[in-house]
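Undergrad: Mind having a look at this structure? Questions to follow.
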Amino acid sequence: MSTSFPLLQYTSLVGTKALLLIFTALYLPRSSSWFGIRLDSQKSSLDRPQLPFLVPLTANPTATGLWISLGCALIIMWWAGWTRLWWSLEKKTAISDSSTRVRAKLYAIRNAWVFTLVGSLIYYIVLLAFGAPVSYFSTTASFALLLSILTVYAPAYTLPIPYFELFGFRSTENQPMNAASASTAGLLDRLTWTRLFSQVQPTTLVERAIVYPVMGTLVGSWVGAIPLALDWDRPWQAWPLIPVYGAIVGHVVGSGCAVARATLEALAQEGLREEVSSHQALGKPVKAKRPKDKRVKKA
């Protein structure tokens, strides 16, 4: 881990993001009644009424998914601004000119939302392939949008995107000077994306801050789909409520794992520095540990 990385700031921001996501998941869907959205009464398991706290969350799964997607979009946009800042500081690609920096951010926001919308379409097709009900278009689409917001927006806003043009759409503001430079830069950017999300091999704290929440979201939504198959006929089993909340919990857990890894690395480095400083204070050279020679000596 880089010694210049603001670990305390990162930890506090992850905690803030987690609290905001939990608040969004539990309380923002209750805003439906303020806008005249009808909340259906409980239709299943009438012999076992659900808790009053859950009624606004389960009454209209489509509205719940859309409210959570809206709240998560604002939170992830705020969070992606920090990951982009840390990435530029780590790679030393920060732009000093303010006007150029603003234009670059606007391009990055546009690209991130384009990729997020495309990702939601891909997620929708994947969900249908895994058995999502075709007749529940709005609920499945809201879940696909939420997954794309939690997994696509921050990487697309933070990481460099290979240059390409499609129907007048350019992925970057400035076109490369020649084909060779475009090919080289595009190859490096594609290798970065492949290493992070195909091989799942983040090497720095910033990369783990991006990758771990993505993996946690996917695992959480997958685990959340398991209770749907149980024949309990509870209101909270309506599609896609449990996968939605599983994705939120998985995202929070993934962010926590990234913080835990960063903290352990920081403690290990601090212990190593203390050991080196103590040896230097005593005037003893610091010897690197070598593996033992296991060869059999001749008599």
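Just so it is clear, glycine is given a Cβ too, placed from its N, Cα and C backbone atoms.
Curation does not apply to TrEMBL; its annotations are automatic.
OK, TrEMBL features for this one:
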- 286-299: compositional bias 'Basic residues' (COMPBIAS)
- 275-299: region 'Disordered' (REGION)
- 7-28: transmembrane segment (TRANSMEM)
- 66-87: transmembrane segment (TRANSMEM)
- 108-130: transmembrane segment (TRANSMEM)
- 136-156: transmembrane segment (TRANSMEM)
- 209-230: transmembrane segment (TRANSMEM)
- 242-264: transmembrane segment (TRANSMEM)
Undergrad: Any chance you could find the range in 108-130, 136-156, 209-230, 242-264 with the most Cβ pairs under 8 Å to the transmembrane segment (66-87)?
TA: 136-156
Undergrad: Do any residues, 6 or more residues outside the transmembrane segment (136-156), come within under 8 Å Cβ-to-Cβ of it, and if so which ones?
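TA: For the transmembrane segment (136-156), the list is 61-62, 65-66, 68-69, 72-73, 76-77, 79-80, 83, 111-113, 115-117, 119-124, 127-128, 193, 196-197, 210, 213-214, 217-218, 221, 239-240, 243-244, 247-248, 251.
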